[in-house]
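Okay, so here's the structure we're looking at.
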Ligand SMILES: *Cc1c(COP(=O)(O)O)cnc(C)c1O
């Protein structure tokens, strides 16, 4: 079908989109309305951990949909309990609250920290966050985010989120006052350009927050669920935070997110937190399938192998084109271009014939790669070949 035949005019304008409609996907490939195929290294924004339309996820969704779709959040269901106990077994946390998006999970983390501050710290409510961070698009999570311009678009902001500089412990310490209740960060700033917090910084933050009796919150919406080659990115630095949020990869493409906390930080009382779809059995059954596959023996080792392969390939390409190398952890990586040519390369990559390539420029001077975690080395080779063509056409 022609693009013009789709009734896209009825959609509220929020961003510029190319004039194509995606109609199906399988594994690493997406197909558009003209049946042109695209090698997908965006995967729903680091969401489809097992690629497009995974058979195990389809079976889990089908099985649960025939049994029970929604008993209401006021009652227990089996998949929610099983997924929660799986997540606590895999992590440093004791309690789980399920949500439908990363932003909603982060809202929950902010509420939990403020509640903990009322109970334990004389009503302290300020949460120190970081410049260039991204925590979501609700009012509070936009206020927590350090994206340039976000402080004014929907002013006034939600108060209580002073900003420090990533990897600068003195900048955090300077902001601590009697009103401070927590520090919240992404272990790797994803939208900010795949900028990792260093191991030393994470350890110093844990020490600083313990010393001042503050909660440490990690937003692992992008970095969690095997993306970095560890089940959770905080494990890369050998620390244990008090609160963690998950989203994106946990649902493998379905809307599922989670707020996890230690026993001591789990201070909600009846009525504090909830939501109509939270913990519904279909989403949690799919999440259970995804997390079970990601935590199967050898899966993480495979992610690390493919990560090393992608990293080497990007370094070689960088040397050939005189770019500035690459960075990242696991299968969340960025190629540093040294010039603001990212958007042109992204455009040319999508337009390649007969097969296009989907990648993202998180910042104009870099390209971000977030393939499915089960991507093959052959698909990585194909991606690099397409990327070379796109760069040649863009510059
Ligand atoms: C994507 C993202 C969010 C927001 O998740 P949504 O599901 O889009 O609400 C929050 N934090 C981080 C680190 C993210 O990458």
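Cβ coordinates are placed from backbone N, Cα and C, and glycine is handled just like the others.
Any TrEMBL annotation is an automated prediction that lacks curation.
Since this is a predicted model, take the numbers as computed values, not measurements.
When secondary structure is read from DSSP and collapsed to three states, residue 103 (pyridoxal 5'-phosphate binding site) falls in the helix class. All protein chains shown were included, and the count of other CB atoms within 10 Å of the CB of residue 103 (pyridoxal 5'-phosphate binding site) stands at 24. The annotation pyridoxal 5'-phosphate binding site is assigned in TrEMBL to 102, 103, 134, 219, 220, 221, 222, 276.
Taken residue by residue with DSSP, residue 137 (N(2)-acetyl-L-ornithine binding site) is part of neither helix nor strand, so it is coil. The Cβ of residue 137 (N(2)-acetyl-L-ornithine binding site) lies under 8 Å from the Cβ of 103, each of which sits 6+ residues away along the same chain. The N(2)-acetyl-L-ornithine binding site annotation in TrEMBL covers 137.
Feature annotation from TrEMBL assigns N6-(pyridoxal phosphate)lysine to 248. The local packing around residue 248 (N6-(pyridoxal phosphate)lysine), expressed as other Cβ atoms within 10 Å of its Cβ over all shown chains, amounts to 27.
Using a 10 Å Cα-Cα cut-off around residue 248 (N6-(pyridoxal phosphate)lysine), the binding-site residues 134, 219, 276 reduce to an empty set. Residue 102 (pyridoxal 5'-phosphate binding site) is surrounded by 27 other CB atoms, counting those within 10 A of its CB over all protein chains shown. For the pyridoxal 5'-phosphate site listed in the record, the two most distant Cα atoms among 102, 103, 134, 219, 220, 221, 222, 276 lie 25 Å apart.
In this structure, of the binding-site residues 222, 276, the smallest number of CB atoms within 10 A of the CB marks 276.
Residues within less than 8 Å, Cβ to Cβ, of residue 134 (pyridoxal 5'-phosphate binding site) and separated from it by at least 6 positions along the same chain comprise 145, 146, 147, 186, 189, 190, 191, 192. Under 8 Å, Cβ to Cβ, and six or more positions away along its own chain, residue 219 (pyridoxal 5'-phosphate binding site) finds 102, 106, 109, 133, 135, 184, 185, 186, 244, 245. A helical conformation is recorded for residue 248 (N6-(pyridoxal phosphate)lysine) in the three-state DSSP classification.
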